[in-house]
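Below: one structure, written as C-alpha cells.
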Amino acid sequence: MLGVVSEVVHPLVRIVHFGPIIALLIIKCVFFTTLSLTSQWLYMTDSAIAAINYLLYYAFIATVLYNFFSAVFVGPGFVPKGWQPSDPRDAQYLQFCHQCDGYKPARSHHCRRCDRCVLKMDHHCPWINNCTGYRNQCYFILFLLSAVLGSVQSIVLLVMGLYRGFYLNWYLYHLSDRLVYISMTSLLFGVFSIGLSIGVIIAVGGLLVIQLKILFKNQTSVEEWIVTKAMSRKRDDVFIYPYNMGFWMNAKQVLLEPIDNGIEWPVEQLLQKEEKRSRAVTCRATDAYSGSWFPVSQGLGVCLAFPCTDEPRIAIAAGDYLVVTRSKKHWLYGEKLKPVGERRRERGWFPRRVVVQVHIAKNHEIHHKPDDNLCTNDCENKKLN
C-alpha cells in the first residue's frame, strides 16, 4: 500500500508566502467592498430573492475560503522518501528519483519547489504555495469554480450599488429610503474591486477551463506533455493513454472516489528518457560559468537570447563534463556528470560558448570535436530531444 506524506513543511509556512497572502487580500477586498455597498440598498429581509442573494454570496465566500485552505493545507500528497514498490519486479517500470532516494510511482513527479515527489502531480501553483495533485485536485478545482462564480455576483452587486450612488439625486427626488452614499474612498474601492473581479474571471476562469479539461480527460499537464512526446516518438506499437476511463468515471475518480490506481501500468516516460539519453551529447567545459541569468562576460547575444523558462542555470567550472539534451542558439541544457556514488543531480542551462563537444570512446579516451559542430540544427533534430 502506498503511504502518503500529508505535508513537507508546516501548514502555516505555506500560507506565509506572497501567493496566498495576495489571494486572501483580493478575496477580502472584494468581499467587504461588495457587502458595504450592497447593504446600503438591499436588505436580507426585503424579499425571498434578497435573502437568497445574500445566502448565495455567503456560500460562495465560504466555499472559496474552505477549498482554498484545503488545497493549501491538505496538499497534493507526497511520496515517502526512499519509497520502494512492494513487488521488486515492478521497479523496472518505475523511475528512480535521486533527490528523494526512492522510486516514483506512476503519475508521480518530482517538484523542485517542494523538493519532493508529488502524487499525480499537475503543477506547482504559487497562489496556494503548493502543488496540485492527487489529494487536493478536487479542492483546487472547486476553489477556482467558486472564485469565478463569486466574482460574477460581486460585479453585478457592485455595479448596481455604484449606479445608485451616482444617481443619488434621482433616488432622493423619488423619496427612496434606500440611498447609497459614495465617498471618494468607497468609489475607489468599488471600482478597484470591480477590476479585481474582472481579472479573477479572466485569469482564474482560464485556469478553470484548463483544470476541467484535465479532470474530464484524467490527464494532468505533465502527462499531456508526455503524451505529446509519446505520439511523436517512433514506435512499433500504437500508444494508448492508460488512465482515461471515460468522462463520468474520470470526474468521479477526482470529485467523489479518489483511488490509488495506475501503479501497474508501464511508464511511457522511461522509454522517452532512454531515447533522450541515446541522443544526448557529452561536452567538456572550457571556461567557468557562474550560473548567472545574464552573463555579461559571455556577450550581448547570450544575455539577450536567454531561455524563456524558470528552469535553473547551473554553475560550471573549467574541466567539468556535462550531458546535453536540449539546445538553443546561445544556450544548452544538460546535466553535470558526477563521481560514481554521488546521487545529487545538477541540471540546468548554461552558455553554449563555454563548452566543447567530446566523444568518450570504449577505451575511455576522450576525443574533442570542434566547437562549431556542437549541437548544430542537424544535431538538434537528430541528437537532442
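Glycine is treated like the rest: Cβ placed from N, Cα and C.
Per TrEMBL, domain 'Palmitoyltransferase DHHC' is recorded for 94-225.
Within the same chain, residues 15, 50, 53, 57, 61, 64-65, 68, 127-128, 147, 150-151, 154, 157-158, 160-162, 164-165, 178-181, 186, 189-190, 192-193, 196-197, 200 sit at least 6 positions outside the transmembrane segment (21-43) and bring their C-beta atoms closer than 8 Å to a C-beta of that stretch. The transmembrane segment feature in TrEMBL is assigned to 21-43 (among others).
Sequence annotations record features per position, and here TrEMBL assigns transmembrane segment to 55-79 (among others). Note on the transmembrane segment (55-79): residues 2, 4-8, 11, 14-15, 20, 23-24, 27, 31, 34-35, 97, 100, 102, 104-105, 108, 114, 116-121, 125, 128-137, 139-140, 142-143, 146-147, 149-150, 153-154, 157 of its chain, located 6 or more positions outside it, place their CB under 8 angstroms from a CB of the stretch.
Sequence annotations record features per position, and here TrEMBL assigns transmembrane segment to 138-160 (among others). Sequence-distant contacts of the transmembrane segment (138-160) (same chain, at least 6 residues past either end, Cβ-Cβ under 8 Å): 27, 30-31, 33-34, 37-38, 41-42, 53, 56-57, 60-61, 63-64, 67-68, 70-71, 74, 125, 128, 132, 190, 193-194, 197-198, 200-201, 204-205, 207-208, 211-212, 215, 254-255, 258.
What TrEMBL records for 180-210 (among others) is transmembrane segment.
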